[in-house]
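> Features from Swiss-Prot:
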type	residues	note
BINDING	Gly13, Gly107, Ser108, Val109, Gly110, Leu111, Asp112, His113, Arg117, Ser120, Val121	ATP binding site
Amino acid sequence: MSDPRPARAVVVGIDGSRAATHAALWAVDEAVNRDIPLRLVYVIDPSQLSAAGEGGGQSAARAALHDASRKVEATGQPVKIETEVLCGRPLTKLMQESRSAAMLCVGSVGLDHVRGRRGSVAATLAGSALCPVAVIHPSPAEPATTSQVSAVVAEVDNGVVLRHAFEEARLRGVPLRAVAVHAAETPDDVEQGSRLAHVHLSRRLAHWTRLYPEVRVDRAIAGGSACRHLAANAKPGQLFVADSHSAHELCGAYQPGCAVLTVRSANL
């Protein structure tokens with residue numbers, strides 16, 4: 001008989017890195033809002049064990065989980081913390097966690113940094129996991145004691161993305177910047193495209209502003225690629241909400257101090 005799936009939780013990949021600690025702090029509000037546990041998971045990769053062997057790997061895992069738990073507890077938030085050490089490839093194990101997780105949170109670096117593939121696990125999870133994935137990229141100046149969101153940013157074409165964006169803005173009490181994109185090659189195209197984009201933006205937002213009247217919405221029109229616009233206008237504290245198909249492009253382009261939340265169309 002197979003093992004039962006773990007209870008639903010907000011899962012954070014912990015590896016001892018500063019980015020992972022920020023991911024745990026960022027995830028606290030998500031767990032508290034859902035009234036579910038915050039599950040901190042450390043994955044020991046057998047192929048990366050040193051001469052100290054499994055014992056050394058277990059010690060490092062316990063130390064990293066203890067440090068992350070202590071920092072979460074220091075927030076004073078009423079969150080239930082669970083910890084677990086798993087053995088295997090980080091990407092494989094975290095993908096398995098995504099089957100039952102309400103959300104998966106990881107740092108933008110770490111997990112696979114020893115192989116020189118900066119952020120590869122995070123970007124792959126963001127594009128392929130079975131639940132929403134938050135990738136946290138802390139600013140070097142931001143202390144590992146808190147992780148704040150100052151604004152949510154989303155492109156309006158995807159209704160699932162908009163729903164998650166409004167929910168995040170409501171949860172964190174911050175404004176939502178809604179972006180509509182148009183493609184234009186001539187001045188006439190720009191004028192016409194901008195006018196149509198404004199109409200499209202108003203139509204797309206009408207339903208959600210009725211459902212979330214407490215969320216302040218700032219509107220923006222952009223030409224060309226939504227990902228390029230979001231990256232070019234990134235500011236510390238912003239949370240970009242996007243479809244998982246944009247994960248690799250966004251995870252490689254956003255600025256320190258920002259975060260990306262990717263959702264699949266099935267993540268309703």
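Yeah, the Cβs are placed from backbone N, Cα and C, and that goes for glycine too.
What's the neighbourhood like for each of these?
Counted within 10 Å of its Cβ, the other Cβ atoms near Ser108 (ATP binding site) come to 26, all protein chains included.
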> Can you tell me the three-state DSSP label for Ser108 (ATP binding site)?
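Going by the DSSP assignment, Ser108 (ATP binding site) belongs to neither helix nor strand, so it counts as coil.
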